[in-house]
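**Q** For reference, the structure I am asking about is given below.
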Amino acid sequence: MGNLLPPGVCNLLNPAAIYANNEISLRDVEIYGFDYDYTLAQYSNLLHSMIFNTARDLLIEQYKYPEGLKKYDYLPGFAIRGLHYDVQKSLLMKIDAFHYVQLGTAYRGLKPVPDEEVIELYGGTQHIPLYQMSDFYGKGPSIKQFMDIFSLPEMTLLSSVIDYFINHGIEFDQVHLYKDISDAIKDVHVKGMMYKWIEKDMEKYILHGDETYAVLNRLVNLNKKLFLITNSPFSFVDKGMKHMVGKNWRDLFDMVIVQADKPTFFTDRRKPFRKLDDKGSLQWDKINKLEKGKIYKQGNLFDFLRLTGWRGSKVLYFGDHLYSDLADLMLRHGWRTGAIVPELEPEIRIINTEQYMHSLTWQQALTGLLERMQVDAESKQVLLEWMQERQEIRSLTKNLFNPQFGSIFRTFHNPTYFSRRLIRFSDIYMASISCLLNYDVNFTFFPRRTPLQHEAPLWMDQLCTAKILTHTA
């Protein structure tokens, strides 16, 4: 048994790899499309502190929130992407693919809520019914899902304000509070503050610009067509792309669409395209064709498809927002989709550690033992001890990723709600578009056949036990 699993076999995950949910051959892809923010342009965490501080100050100055909020700063390690927020109960929590709250990950303000209280709040269960949860785009009647990277400062501000109100015994209306914070964060984007900071100091905020240039240049040299669809305004994108790619960046693209208003861009036929001149001023002529080198604003996907004839699986579009970038493209239009998930890189580095592998292997072994021994009445005491130990290891493993909420991809053993959506809406996913540089342009991605539960052999547990024994021998 000792040599079933050679040591180090699990340390093979590569943070710069592309992971496939669906078989896809790049040979078939003729047209590459990109979102801008967090896809072509990756931003440093400094941006989150700026968004947090500015929205916090807006709450104090314009919404007349207490001055005491000034003492709260952005906590970079507090929240993770994909969390749900129950507006009525002021609960921020992690939910798995089966709509169950992961116990130990429900927070009111900056403090965890005891498991018993969470269960009581949901009528004696950890399960949250679908009608409350969310619609297709993660916006529910009472529960909101935070899906994009820009939502990290919003979750932290929400938690900080609630923390302040609870600590000072101030009563508040949950709905108003949520809306005020959401509006304050929106103001930072809508009023263009964020754009100004980035434009003023690109070196500080934009990461990996040279890699973006390398990816785009390589695709153009291989005769691929490129397009850009972004919600950001032209002057902002223009300055960022000049910084990363050079002043002639537009020559690389066959189509550039700004202020697209996604996700309605993909679903609503009403807004026609408008042309911008080189200075970014609007033109009023009717658009009968989309020309290379020109800049377009608004528009909709139906006109885009009609005017370009770009259909189906020869188009691959990359974005970071699973709902507003990828869902409709995959489900309604049959485009291929690539999700950009920067969190993959730090999470894979953790998975590759000896500590993580040891915890996971022992967890699997304990689970197998628990399942097989439960019929034996005499081992009740041992079973309780094993259950306790399994729970401790699970918490330990969770804390390796994030002490409050764990990994964005898993609750203890189930995929998270975020993971389920990622698998549903993306053919491939990766930490950044620079991962494309590691693959040939004709490469075929083959997802591995992972066992369904009825296919997973019993020896998986035994394998793990054997590995532990060889490590400890």
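Here the Cβ of each residue, glycine as well, is placed from N, Cα and C on the backbone.
These figures come from a predicted structure and were not determined experimentally.
From TrEMBL, for reference:
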BINDING   D35, D320  Mg(2+) binding site
ACT_SITE  D35  active site, nucleophile
BINDING   D37  GMP binding site
ACT_SITE  D37  active site, proton donor
**Q** Round to a whole number and give the Cα-to-Cα distance in Å for the pair D320 (Mg(2+) binding site) and the residue listed as 'GMP binding site'.
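**A** Between the alpha carbons of D320 (Mg(2+) binding site) and the residue listed as 'GMP binding site' there are 8 Å.
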**Q** With an 8 Å cut-off on Cβ-Cβ distance and a minimum sequence separation of at least 6, pull the same-chain contacts of the residue listed as 'GMP binding site', or say none.
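**A** Long-range Cβ contacts: Y43, F150, T230, N231, S232, D320.
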**Q** Tell me which residues of the chain lie with their Cβ under 8 angstroms from that of D35 (Mg(2+) binding site), as long as they are six or more apart in sequence?
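**A** D35 (Mg(2+) binding site) has long-range Cβ partners L228, I229, T230, K262, Y317, F318, G319, D320, H321, D325, I340.
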**Q** Run through the Cβ atoms and count how many others sit within 10 Å of the one on D320 (Mg(2+) binding site).
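**A** Total other Cβ atoms inside 10 Å, all chains included: 23.
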